[in-house]
Amino acid sequence: MSTAVATRKRAKPAPGPGAAPVAGKRRRKVDSAADRGKSKGGGKMNEEISSDSESESLAPRKTEEEEEEELEETAQEKKLRLAKLYLEQLRQQEEEKAEARAFEEDQVAGRLKEDVLEQRGRLQKSVAKEIQAPAPTDIRVLRGHQLSITCLVITPDDLAIFSAAKDCTIIKWSVETGRKLHVIPRAKKGAQGQPAGHSSHVLCMAISSDGKYLASGDRSKLILIWEAQSCQHLYTFTGHRDAVSGLAFRKGTHQLYSTSHDRSVKVWNAAENSYVETLFGHQDAVAALDALSRECCVTAGGRDGTVRVWKIPEESQLVFYGHQGSIDCIHLINEEHMVSGADDGSVALWGLSKKRPLALQREAHGLHGEPGLEQPFWVSSVAALLNTDLVATGSHNARVRLWQCGEGFRQLDPLCDIPLVGFINSLKFSSAGDFLVAGVGQEHRLGRWWRIKEARNSVCIIPLRRLPVSPVAGS
């Protein structure tokens, strides 16, 4: 009995919930024995036992508290990183706002400077160097008149062109499509009542700066006022005693200036259908007239060889000399400077404070004729892009020439030539400066000294491609 009890193995109690498993202890003992055995014999088994299982057993185990602490620190770091990122974004936004404010202030300052220079008549934007000569295939030709084009105007929104000719008609064209929008036909002579059209050569036109009124003048001494949108005739101004050769609206108003071969300058109010006053001073037929915002106008005196500035309120005039021939065309560049052309082939730049030209370009379009008898090509039209240094001139030498005015308008340099056959009787820049319109005829607008048979009576739209306008420079 005692022997049986001594040989029987005592049952081991089951491990408690917190006790380490016994198998683990045995495994470690077995592993240790195996290590000892293999360390003596070497071999493949030694490599397997010294791998992951051993490293895992030797690596310190992280408690749950340590893991939670690590996770908690990571969240804090994330919050800190997001906070720094948010602050950086705020800083960048404030910098951008500051840059935008500075840019707006610069823009406002630049605009104010432009306004001051414009009011003083000294604004000169530099655009001429950026103009690229168009290819002949880019020029659009609009045909509809039977005789030579004499004058044209562009609406203030640059969407339509009015052209007039020796055939006594006026045509309104679409700039975009080139189609006729309206035709004002020739009026029959002797028709009873007020004719809704011209019965003689239309020599000049003008459109108000709001695009409401169109004025046209002819050889029969009449000025007709039209509603520009519908081309409906409104009324007729009479009073000139010879052909009406120049018309211009004062910018921002409905005050109309007219000039005539009767040597006078008249002032009208188109909105009120009224005559205001007449000014005298020229000694020969006046050929052309122009005006801007000031209550004054400039005239080209033809054979009397003078350019005159008329101060309407003071009823006074300034007289300028410089050309040697008949001054046939004139155009204001800004309130203080103008350009004129004459039949002696010269183009002149003027400042209102100087009685002589600031710059004079002789033989601006070259010479023609037999050797020893050469004569300069007449300058039949001039145009200027408002408040810039870009000028265009026309003649009958088969080209329109673009010019750059130097600083202070003291120099005139040629830029490029645009091929157009015929008399260039009228030139106008669009207000945006993206195209130039030329009125071409077989004859000069004021006579029939030559006839160019190969020319086509037409309106030509010349695209002007250029880089963005450079910063403003005032003289």
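Placement of Cβ uses the backbone N, Cα and C atoms for every residue, glycine included.
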Feature phosphoserine, as given in Swiss-Prot - residue among SER39, SER53: SER53
Selected residue, Swiss-Prot feature phosphoserine, from candidates SER50, SER216, SER258: SER50
Phosphoserine: annotated position in Swiss-Prot, out of SER51, SER55: SER51
DSSP helix/strand/coil residue counts for the repeat 'WD 5' (322-360): 0 helix, 19 strand, 20 coil
Taken over the repeat 'WD 5' (322-360), the model's mean pLDDT: 95
